[in-house]
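Chemist: Here it is, the structure in full.
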Amino acid sequence: MKFSTILPILWANCCLCMIIPDFDGIVRFIENIDGTRSVRAGEGLGQHDPGNFHTEHQHVAHKTEFLPYRYVIVFNEDISLQQIQSHMQVVQKDHSTSVGKLTENDAFWRVISSSVSSKSQFGGIDNFFDINGLFRGYTGYFTDEIIKIISQDPIIKFVEQETTVKISNSSLQEEAPWGLHRVSHREKPKYGQDLEYLYEDAAGKGVTSYVLDTGIDTEHEDFEGRAEWGAVIPANDEASDLNGHGTHCAGIIGSKHFGVAKNTKIVAVKVLRSNGEGTVSDVIKGIEYVTKEHIESSKKKNKEFKGSTANLSLGSSKSLAMEMAVNAAVDSGVHFAIAAGNEDEDACLSSPAGAEKSITVGASTFSDDRAFFSNWGTCVDVFAPGINIMSTYIGSRNATLSLSGTSMASPHVAGILSYFLSLQPAPDSEFFNDAPSPQELKEKVLKFSTQGVLGDIGDDTPNKLIYNGGGKKLDGFW
């Protein structure tokens, strides 16, 4: 066991709402009792406005930035690759024909003409994704004519208009000495007491922690050389964090002074641009990358490899596609922690917080209350410190900053997932008996959390605060 004395969300919150127009033969608003709106495929007639969604609950309290004529198309699970290839070939051919009919006065032409050099190249399929065969689809720009045809193909599960995801700064320039102390103690700290973080020596060793965010300053000295770049998903972006959000989250997961899992390997997967903005499809591609990397690491049977975790401190309004991508990654063995959001509303109304197989994290305060901004509800699984959290930042090799948000709470849980995975016997040990699945570890983490201590929670929100065991024997955990 070790302890460290601690020196005295930015939730990637989109603040969006899905504006869902009627679209001839494709979607129709259905008003729900709770005031949300649903849309169904293949119903209704209406005037075109770029937007074709199929989802169960589209929250309309935020302002959504949807991308005109750009869509995420998801296949049914039970179709073959041959069917997928045939469908995509037909779509691309038909789209080229459709584009050839356009004039310079058409809205589709105006929307995307700045990004291509000739009319024959306008739009069409630009990305295919496949998360371990469990979640497959593609993205692209399509005309009204073609998106209607796509939506009516029986092998298509649903079509969702591409939307943006963003981060929303909520920084506080104050010392924040309490977060690590709280997750390693059952009792809340008292004002003025000495604070310490209690943990086992392994502390994430053998585990790879992926941070899907704005990138990471891998040269920051507090990462001790354990941070590296994995992928840059947004087109024409670079392997650097010019925002700071990703570096801060990574520090909470695994940096020397501010991290929960101080020996974990940290991998940057840039899904948000340096300005803090991104798209649902880029997040999905990032999840696909993480899943493939995890599967490859598992196949190598490295005796030191103990598993993969991932953190998503970002969000948008409801996106069934993004939540399905997360669930597919979890089913493939990746342990996910996700920020609940900062709107002081039901977390089930946003994505990916509503993904059922990940761990969705709300933010708590020093006094063990729900943070005033933290989302709540049945989609929240557990709470973690999210007010005035000190961590690594950009600007110099030893820069730090104190931030608040569910973005800061979620990495505490990602770090604890990495921490517990590292405490398992090595794969080549006689005591090794299969690493816990994400579902098994989720159940153990939630059961082991500190129960019933949080205030201002609400009747339908789990009253659970994350806990790492305090460096003690964990017989009660396993």
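Cβ atoms are placed via backbone N, Cα and C, with glycine included.
These came from Swiss-Prot, pasted as-is:
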SIGNAL    1-17  signal peptide
DOMAIN    70-167  domain 'Inhibitor I9'
DOMAIN    177-478  domain 'Peptidase S8'
ACT_SITE  Asp213  active site, charge relay system
ACT_SITE  His245  active site, charge relay system
ACT_SITE  Ser407  active site, charge relay system
Chemist: Could you state the CA-to-CA distance between Asp213 (active site, charge relay system) and His245 (active site, charge relay system) to the nearest Å?
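Modeler: So the Cα of His245 (active site, charge relay system) lies 7 Å away from that of Asp213 (active site, charge relay system).
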Chemist: I need the CA-to-CA distance for His245 (active site, charge relay system) versus Ser407 (active site, charge relay system), whole Å please.
Modeler: 9
Chemist: Which state, by DSSP, holds His245 (active site, charge relay system): helix, strand or coil?
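Modeler: SS state of His245 (active site, charge relay system) = helix.
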Chemist: Going by DSSP, how much of the domain 'Inhibitor I9' (70-167) is helix, how much is strand and how much is coil, in residues?
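Modeler: The counts are 40 helix, 32 strand, 26 coil.
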Chemist: Taking the Cβ of Asp213 (active site, charge relay system) as the centre, count every other Cβ atom within 10 Å, in any protein chain shown.
Modeler: 32
Chemist: Among all protein chains shown, how many Cβ atoms are found within 10 Å of the Cβ of His245 (active site, charge relay system), not counting that one?
Modeler: 32
Chemist: Determine the Cβ neighbour count for Ser407 (active site, charge relay system): the number of other Cβ atoms within 10 Å of its Cβ.
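Modeler: Neighbour count, Cβ to Cβ under the 10 Å cut-off: 36.
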